[in-house]
């Protein structure tokens, strides 16, 4: 059980040191409330950030859709080798495949541009996470927003493949930065009793952005105009230079108490809470948390003992799996025939439904139960997809695969938070997040298999969640348990002895 007066913090491998408080209400939460107008406004601002994350993260669906061509060398459809292709422009006027002839021996390059984007996202999470600890939450967030806007604009005007891919790598870096900093701002600002719901709702704007993407694709059918269209809305986020502040928790951790008090007073007024003697109370709180500060753990502590090692390997494999399936199958939907715009919108719509359903599911079912069941459902429908011809039923199966993998995505974050003790909690989340990026980097190449062998593409997607379902049996259930603090508690948790952390 966590000491009521201590402040918990640990540095994750994504860089962010999330300043956490105990299960009990601390002085900051008492002063500004668990959730009110202030937190609602902050949620609105941080949720907006997820729209361009979806726009750029899923843009490859419309940058490099399935493209048929007639080879004028031999008058054969989609044949290789082909030095003189005539592309079918009945749906898209120009894609990166058409622009740079990414067919035959250069076909891998369209997948590589998305892999490099995901690598950028991984690196951005680390770089901006470290920057957020050193320079505050606000400035790195603003830097990531500016980088995203500028690089997105530049990408839309580039006429050479490697320049375009290199710039999209930096767009990926900015996406990683905006995601990690905005999420931590939210988690450090809302009351502990609302964090599970807010962490789930945080994914909804991403789903909405995914749903809006076909609208951009429909009206902008050339890759450069499409890239420009999904970048322009980012200009709204530049207003955050005025609207966003550093979090009081980070300021207090950096001993910048006076600045923290000003923000807390403003938040308390927005939430109609009293502001008397706030400076004194926050000063006392800072002294108290310094007195009880815990020694930080490291990523290596997760692998030193057998139970923690088993848990982090099983958990990170689940993260890899859900990211691999979500990004991969979402892109694969575009290869299944039918109306691409409708298919993508339908896939995004059911994913948003899954996000909302995950909230009551987490209230009723155990975390491990959800992982096992939804991994097996995902694997099952993808196995069925492997033997179905392109058409409506194949799209249905793919959509179910997308939504089940996204439900797992929502649940693993909470499960990971509850499974590891405070001193290595963020290290565990950070390592798992990196493994998720590895999954999303591999996925585009599996999508590429669909052109030559749809059976093997779907089956390759299916086998990973099938393995993850069995691996999830190794994880202990965490629902209804108190959060742990020390490495010793984490090592003992879930072993076949009486669980001292059970409520």
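Including glycine, each Cβ sits where the backbone N, Cα and C put it.
Which of 4-26, 73-95, 165-187 counts as transmembrane segment depends on TrEMBL, and there it is 165-187. A contact between the transmembrane segment (199-220) and the transmembrane segment (40-64) is present, since 3 or more of their C-beta pairs, 6 or more residues apart, lie under 8 Å.
Of the Cβ pairs linking the transmembrane segment (226-245) with the transmembrane segment (340-362) and spaced 6 or more residues apart, fewer than 3 are under 8 Å, so the two regions do not touch.
Away from its own ends, the transmembrane segment (141-159) comes close to residues 49, 52, 56, 124, 128, 131-132, 167-168, 170-171, 173-178, 181-182, 185, 224-225, 227-228, 230-231, 234-235, 237-238, 240-241, 244 of its chain (Cβ-Cβ under 8 Å, at least six residues beyond either end). Looking at 108-129, 369-387, 393-416, 428-449, the range that has the most CB pairs within less than 8 A of the transmembrane segment (312-334) turns out to be 428-449. The transmembrane segment (108-129) makes no contact with the transmembrane segment (340-362): fewer than 3 of their CB pairs lie within 8 A, with pairs spaced 6 or more apart in sequence. Highlighted: of the candidate stretches 165-187, 340-362, 393-416, 428-449, 455-475, 165-187 has the greatest count of Cβ pairs under 8 Å to the transmembrane segment (40-64).
Taking Cβ pairs closer than 8 Å, the transmembrane segment (393-416) reaches residues 196, 199-200, 203, 207, 315, 318-319, 321-323, 325-326, 329-330, 332-333, 336-338, 343, 346-347, 350-351, 353-355, 357-358, 361-362, 367-368, 370-371, 374-375, 377-378, 381-382, 384-385, 425, 428-429, 432, 461, 465, 468, 475, 478 in its own chain, all 6 or more past its ends.
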